[in-house]
Amino acid sequence: MSDIIDELLHELQPSRAPTRTKVTIVGVGQVGMACAYSILQQGIASEIALVDVVADKLEGELMDLQHGLAFTRPCVIKAGTDYAITAESRLCVITAGCRQREGETRLSLVQRNVEIFKGIIPQLVKHSPETLFLVVSNPVDVLTYVTWKLSGLPREHVFGSGTNLDSARFRFLLSEKLGVAATNCHGWIIGEHGDSSVAVWSGVNVAGVTLSTLKPNLEKEAHTWEEEIHQKVIESAYKIIKLKGYTSWAIGLSVAKIVRGALHNHRNVYALTTNVKGIHGIEDDVFLSLPCVLGSNGLTHVVKQTLLPNEIEKLQKSARTLREIQQQLQL
């Protein structure tokens, strides 16, 4: 083969490997592959490593992606059940985990996923000790805490997809209500990625015009807005799962955006699950979503939002609920 290369190409100087932007994705289910496809299609990473325990499906997904490489930017794609292929990853995306069984408690689901994570996280750290972790598996807040504990990494290096997608759903629903593009409707969902999430109505604005200044009693009528919009945000995933069996594309796009920001040091602000100890009166090591600045070395800042007393109260209530679950985990 080297003879053919010599005939085909005239070497001016030896090639040199560029700065690597390698991403590992653990779990090749619907969410994991939506993440992989979005990252590949947008040309975000120079290398993607896929890891799963189901070898046949893993090989099929690998081949399917590789056969499309003629239509994308250059990218090396590898897959295997051995974590050695993840070596030197800049960022690891965790989408693996159990689905909730009918009648199963949330704590039971979490504990089953903890056992799975015990076999994943140490292996990733072993091969990529300086990696960043982006946890997507649900319940994402508790499992981000679990990842932090199992990894031994600084808390700034471990974060979850959190309410980034919830905030995008919020902005989309606001855009439908207001007749303005979602990109120009600004609002945040913070706290738990789940039923106790907090819609920060006090900060919702279009072009800097805060809705609460237009209608000062908005906070008193928040229940009306929550029924129409925030409740739809909470119910969105349930409805999609009921209709098609799973969610995938939107979370894949959300993850790709976060990964791009981290690998290329964009320092964008995302609603990510992070350790919120010392923020908004929370004094425990609890992981919840807040607006975070993300760079190539992980999370660097948490935005100090000016929240209303009722918003802080809801956030602290979420924190207490998650803390109770964390305390019952067997790590």
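From the backbone N, Cα and C atoms, a Cβ is placed for every residue, glycine too.
TrEMBL lists His193 with the feature active site, proton acceptor. Summarising the annotation, TrEMBL assigns NAD(+) binding site to Gly27, Val28, Gly29, Gln30, Val31, Gly32, Asp52, Asn113, Val136, Ser137, Asn138. Annotation comment: TrEMBL describes 21-160 as domain 'Lactate/malate dehydrogenase N-terminal'. Positions annotated as domain 'Lactate/malate dehydrogenase C-terminal' by TrEMBL: 163-326.
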Among Gly27, Gly29, the one of these binding-site residues whose Cβ has the fewest neighbouring Cβ atoms within 10 Å: Gly29
Minimum Cα separation from His193 (active site, proton acceptor), reported as the residue among binding-site residues Gly27, Gly29, Asp52, Asn138 that achieves it: Asn138
Sparsest-packed of the listed binding-site residues (Val31, Val136) - C-beta count within 10 angstroms: Val31
Those recorded positions listed as Asp52, Asn138, His193, and which of them has the most Cβ atoms within 10 Å of its own Cβ: His193
Residues Gly27, Val28, Gly29, Gln30, Val31, Gly32, Asp52, Asn113, Val136, Ser137, Asn138 [recorded NAD(+) binders]: greatest CA to CA distance in Å: 17
Whole-number mean of pLDDT values that fall within the domain 'Lactate/malate dehydrogenase C-terminal' (163-326): 89
Residue counts (helix, strand, coil, in that order) that DSSP gives for the domain 'Lactate/malate dehydrogenase N-terminal' (21-160): 68 helix, 26 strand, 46 coil
